[in-house]
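As recorded in TrEMBL:
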TRANSMEM  55-78  transmembrane segment
TRANSMEM  98-117  transmembrane segment
DOMAIN    115-403  domain 'FAE'
ACT_SITE  C259  active site
ACT_SITE  H338  active site
DOMAIN    441-521  domain 'Beta-ketoacyl-[acyl-carrier-protein] synthase III C-terminal'
ACT_SITE  H442  active site
ACT_SITE  H446  active site
ACT_SITE  H475  active site
ACT_SITE  N479  active site
Amino acid sequence: MAGEEHLLSTEIVNRGIESSGPDAGSQTFSVRVRRRLPDFVQSVNLKYVKLGYHYLINHGIYLATIPVLVLVFSAEVGSLSREELWRKLWDSTARYDLATVVAFFGVFVFTLTVYFMSRPRSIYLIDFACYRPSDDLKVSKEQFIELARKSGKFDEASLEFQKRIVESSGIGDESYVPKAVMSAENCCTMKEGRAEASMVMLGALDELFEKTRIRPKDVGILVVNCSIFNPTPSLSAMIINHYKMRGNILSFNLGGMGCSAGIIALDLARDMLQANPNNHAVVVSTEMVAYNWYPGRQRSMLIPNCFFRMGCSAVLLSNRRRDYRRAKYRLEHIVRTHKGADDRSFRSVYQEEDDQRFKGLRISRELMEIGGDALKTNITTLGPLVLPFSEQLIFFATLVWRHLFGGGGGGGGRVSSSSSSQQRPSYNGKPYIPDYKLAFEHFCVHAASKTVLDELQRNLELSDKNMEASRMTLHRFGNTSSSSIWYELAYLEAKERVRRGDRVWQLAFGSGFKCNSAVWRSMRRIKRPSTNNPWLDCLHTHPPADQPPL
């Protein structure tokens, strides 16, 4: 029984009142030990198969019956001439009186109406905007370190550490930071936080309303996400006050949810649009750099200083059917994964004070491993929704082979035989990774850091072209937190790569630990905008000439 305690469960059973013996008249209980099934949910591979089968079974009735019905109908109709077909239809109709025919069509129309009214409404993305700060906030890597030195907040060891991180971060020489972070005074104040929030959020919203020609009073749902800075009144209230939005607006403010909160905000907006027909929703995603600035000496807390930069996105969604023609994208899927039940995941990105009482974000050394586990679970759940049947079939075949002959090994590769006839063959190859390039034309992966993007590209076997939008966003704007996936989509639009029917995968991850995916389908070919795109002035320099062609 050693090592099998996790497979056992205990149950206290009430045996009633003892009728005889020394304990007569008292309640008696017994403890029953049962052997329980393993927790299959913790197995990502089995979960993948479970979801794949669930999807196939749900659609199996259609896959099995529709071809049969089509063949039978074709054989029946194909044997009749046009005159015979019309004669059969007329003779069948003539058997019934007018009231029966009208009643039949009434029931038919009512059934169709109920069906279409009960279907989930399509969620359209009308347009989006990404804020680009003014040039006086632009800093190069060298300027960043020099300004940090002049601020007097860091010793030489801390400056040298930040210099090494910045130089290997993948961030270029044109990202943006608030002026307050480089001053000798404390920048983590409510005043500085509100000033930065007002600058980036209202800048993105002004651009959004200009592009879409939507009045602020026409917005019925507002969702704002900002992880670190959460004042009272809220950031959503700041927006409502500035634009004098209507009094019955449904507003939400999401805080503390990390870099993946943009997709969480999308999910909330989608649910609200499903419950409130004929409405517009605005989703604002941002992060305040100055309020999160760490002036101490703990290296694990200095890392966010090196990566996070100013940025904000504003997205206009609609559930109105008449917006179909002017919409850019339709929302297909949202898949969310939360690993917060695990202590290591929960503390992998953790806000706290250091020994000097300076507040900051502590980044765990195990972050890459934790993020990889969350990513694996998320894409495993997403796979059956988006992958072609051929990819699911190959994955399932390799998985069955592994369970039959691998003894818990990998999920793909070669089978090696043993010289002993009593020993089962072992499966010592690399696990089979489904080809997500067959499911999506474009990838918008959260631009966290160069190391993260390198690992994602290697594990998902993506090409340099697939990762170009993410790498260029990191190079040009840095890590803008939850808004980075929208800067990446803006890059693809500026390059005129998005065509009608293309599928876009937005993948974000952040504290908690969470990993979230959103899948969009393009409604039309997206032409290069002439204004209001953050990439227009630097498109000719990206990718940079010193990088290999993508």
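Cβ from N, Cα, C; glycine included.
Annotations in TrEMBL come from automatic prediction, not curation.
Location within the structure of each feature annotated in TrEMBL.
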residue	record	contacts (Cβ under 8 Å, 6+ apart)
C259	active site	S227, E287, H446, A448, N479, S481, S482, S484, A508, F509, G510, S511
H338	active site	G512, F513, K514
H442	active site	N466, A469, L489, L492, R497, V498, D502, R503, V504, W505
H475	active site	G170, I171, G172, H542, P544
Query raised in the report: When the domain 'Beta-ketoacyl-[acyl-carrier-protein] synthase III C-terminal' (441-521) is classified with DSSP, how many of its residues are helical, how many are strand and how many are coil?
Result: 39 helix, 21 strand, 21 coil
Query raised in the report: So how many other Cβ atoms are close to N479 (active site), meaning within 10 Å of its Cβ?
Result: 26
Query raised in the report: Around H446 (active site), how many other C-beta atoms are within 10 angstroms of its C-beta?
Result: 30
Report task. Let me know the model's mean pLDDT on the domain 'Beta-ketoacyl-[acyl-carrier-protein] synthase III C-terminal' (441-521). Result -> 95
